[in-house]
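J.: Annotation comment: Swiss-Prot describes G41, L42, S43, G44, S45, G46, K47, S48 as ATP binding site, evidence class sequence analysis. Marked as domain 'ABC transporter' by Swiss-Prot on the basis of sequence analysis: 8-253.
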Amino acid sequence: MIVSEPLLRVENLSKTYPNGVQALKNINLEVHPGEFLVVIGLSGSGKSTLLRCLNRLQEPTSGNIYFSGQEIGQVQDAEKIRSVRSKMAMIFQHFNLIPRQSVLKNVLMGRLAAKSTWQSLWGMFSDAERIEAKENLRLVGIAEKASLRADQLSGGQKQRVAIARALMQKPVLLLADEPVSSLDPATCHVVMDYLRRINQEMGITVIANLHFLSLVRKYATRVVALKDGEIVFRGKPEEITEEWFRRIYGEGAQDVAPNDI
């Protein structure tokens, strides 16, 4: 049983866009070291907005975010925000790779936050960093692709490159924003297996947005469900009953059987 102090604590977090849409409404959440927390909910429920507010890619309207005991939700200093992001890596649905650069160069980009402006502009990486990048590619099973251009890879391989790039930050928290929604069923499990391995073997806490409950039940240690920007469920994957499923996704929704994905 996890009894540690929270790695991440969110208090009364809200986000309202300029057009008046309230994407998040008074979110309160704790995430402990070593958890694999999955956030579920319909498209537009606030899942992506939540993750983007956590690492300040989007500015919260109100509320507090504490990361490793430090309040980061209201910080305005660019250098402090950069420091926070260096320990809070993120991967995205569409990979965000540089298509014409090599796989190895894309992975090395994960070290840019630790570089000076001058080093970043010139892409200066040490031999040790190159060795580390190759090791991270080995960890996600594509070391042999290091010299290929990123646009020569399949979708699943691109996401594994994105994971290897995230590991270059040496994060304590990995945010995964719908990491498998654009992948085929078999590849979904390959990517999710690597995320679980990173979580269990490297001790990196993971927060992932997912759609398919079969994946949630297989990989999550805990689940939070959002609906219209509010948390409507929090608990273990096995506690999502058929009644809860309908409350989260609507009366007409149908679950995806484990054999379907």
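In case you wondered, yes, glycine gets a Cβ from its N, Cα and C as well.
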J.: Have a look around G46 (ATP binding site) and count the other CB atoms within 10 A of its CB, chains all included.
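T.: Other Cβ atoms within 10 Å of G46 (ATP binding site): 24.
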J.: As a test of the contact definition, list every same-chain residue at least 6 positions from L42 (ATP binding site) whose Cβ is closer than 8 Å to its Cβ.
T.: K227, I248, Y249, G250
J.: S43, S45: which of these binding-site residues has the sparsest Cβ neighbourhood within 10 Å?
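T.: Across S43, S45, these binding-site residues, the one with fewest Cβ atoms within 10 Å is S43.
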J.: Identify, among the binding-site residues G41, G44, the residue whose Cβ has the fewest other Cβ atoms within 10 Å in this structure.
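T.: G44, out of the binding-site residues G41, G44, has the fewest neighbouring Cβ atoms within 10 Å.
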J.: My understanding is the cutoff is Cβ-Cβ under 8 Å with a sequence separation of 6 or more in the same chain; which residues meet that for K47 (ATP binding site)?
T.: V39, I40, G41, D177, E178, N209, L226
J.: If you draw a 10 Å sphere on the Cβ of S48 (ATP binding site), how many other Cβ atoms land inside?
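T.: Taking every protein chain into account, the count is 19.
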